[in-house]
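Read the structure below first, then the notes.
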Ligand SMILES: NC(=O)c1ccc[n+]([C@@H]2O[C@H](COP(=O)([O-])OP(=O)(O)OC[C@H]3O[C@@H](n4cnc5c(N)ncnc54)[C@H](O)[C@@H]3O)[C@@H](O)[C@H]2O)c1
Ligand SMILES: O=C(O)C(=O)C[C@@H](O)[C@H](O)[C@H](O)COP(=O)(O)O
Ligand SMILES: [Zn+2]
């Protein structure tokens, strides 16, 4: 991909939603003023790990005449709490942040989820721009307008649908990402492959080692294809009244594992195990063929993602899954595959089938 001209993917613009663009390329910060528009104040929310980036951006915006403040957040999931949101609300209040001002979230998915949530709740909604700096945030978290925080009872239990005004994916930011975080993002890329675009799986299988680094031969294509999948789905169903549930493939168990690990695991690692579980569930429910189910294990393992979790945790995980957002009353619902790229909802599976699927991923 030429990195001079960014790739532009349009999201939304249907069913009364405002359209916005996801830009993929390098040196994209020049696009920010156009997105910020006539705001007087800009709040740059960034994680501790990107303190220098956040401050440089604040200075740059201040130099352009904006009243710019930087708000530093804890790294990773520690940012996705009610306390951190309240800290941001206080900072915005002290800055005199109005409805015409703009929030910029620069960081991984935890940062963009929190920044978007603060934007959704401040004055009942202000504009925000996502500048994702991890693979996972580029291909998934920053696109689609799901924003939120975790509670002790579960992942993302509090939140709002509040799409950004634009998303700037600067591939250069991936150079500083630790390999574990890079690989975590591959889980969502692989998810996009299984639910919608199998070329993604072919590209990773051709060169799994290359897929683990930003220098890999297919990095830009993998990111772009995954963003296309996400963009198509959320454009058709922003508020998850149907189709959007397919993006939750692997997340029913994945989120329960994250809660069980007190949010100390990376999201992609938990979703990886969740996808192996969902594949086994699909197979045991008589829907998914053996080859596609087995392909989950091989492709996830080839890039270094985990496939198994502690067997003795099943009763707790099952309890947590009951408050998954796809549940309806007492009915557990899962996304499974009816075949490659054919996601469907499996409602109320037999508890024995669920336990048998978990036995296949338990250590
Ligand atoms: N809203 C959605 O649709 C959606 C979709 C998928 C995932 N998510 C959420 O995204 C979160 C996971 O996001 P993530 O995988 O990006 O993890 P993350 O945001 O926790 O980032 C991982 C770590 O990398 C640091 N970091 C970020 N960018 C960096 C860079 N360029 N160089 C060095 N360090 C950097 C972060 O500070 C953090 O410590 C989860 O909370 C998950 O629930 C949301
Ligand atoms: O965008 C979506 O919709 C997704 O389900 C994408 C997931 O990768 C993401 O982790 C999302 O935050 C999960 O949403 P939740 O509603 O299950 O919390
Ligand atoms: Zn996810």
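Each residue, glycine too, has its Cβ placed from N, Cα and C.
The following features are taken from TrEMBL:
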type: BINDING; residues: 109, 110, 111, 112, 113, 133, 134, 146, 155; note: NAD(+) binding site
type: BINDING; residues: 188, 251, 267; note: Zn(2+) binding site
type: DOMAIN; residues: 71-182; note: domain '3-dehydroquinate synthase N-terminal'
type: DOMAIN; residues: 185-327; note: domain '3-dehydroquinate synthase C-terminal'
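Among the binding-site residues 111, 113, 134, 251, the residues whose Cβ sits under 6 Å from any atom of ligand 2 are 251. Using Cα positions, the member of the binding-site residues 109, 113, 155 nearest to residue 188 (Zn(2+) binding site) is identified as 109. The residues near the Zn(2+) site, meaning same-chain residues not in 188, 251, 267 whose C-beta sits within 8 angstroms of the mean position of the site's C-beta atoms, are 136, 140, 187, 191, 250, 254, 268, 270, 271, 274, in sequence order. Break the domain '3-dehydroquinate synthase N-terminal' (71-182) down by DSSP state and the numbers are 51 helix, 34 strand, 27 coil. Closeness to ligand 1 is met by 113, 134, 267, these being the binding-site residues among 113, 134, 251, 267 whose Cβ falls under 6 Å from the molecule. Looking only at Cα atoms, residue 267 (Zn(2+) binding site) sits nearest to 109 among the binding-site residues 109, 111, 113. Separation of the C-alpha atoms of residue 134 (NAD(+) binding site) and residue 251 (Zn(2+) binding site): 19 Å, rounded to the nearest whole number.
Taking Cβ-Cβ distances under 8 Å and a sequence separation of 6 or more, the neighbours of residue 155 (NAD(+) binding site) in its chain are 255, 258, 259, 263. Sequence-distant neighbours of residue 113 (NAD(+) binding site) (same chain, 6+ apart, CB under 8 A from its CB) are 80, 141, 146, 147, 148, 149, 156, 159.
Here the C-alpha separation of residue 251 (Zn(2+) binding site) and residue 111 (NAD(+) binding site) works out to 19 Å. Counting every protein chain shown, the Cβ of residue 109 (NAD(+) binding site) has 29 other Cβ atoms within 10 Å.
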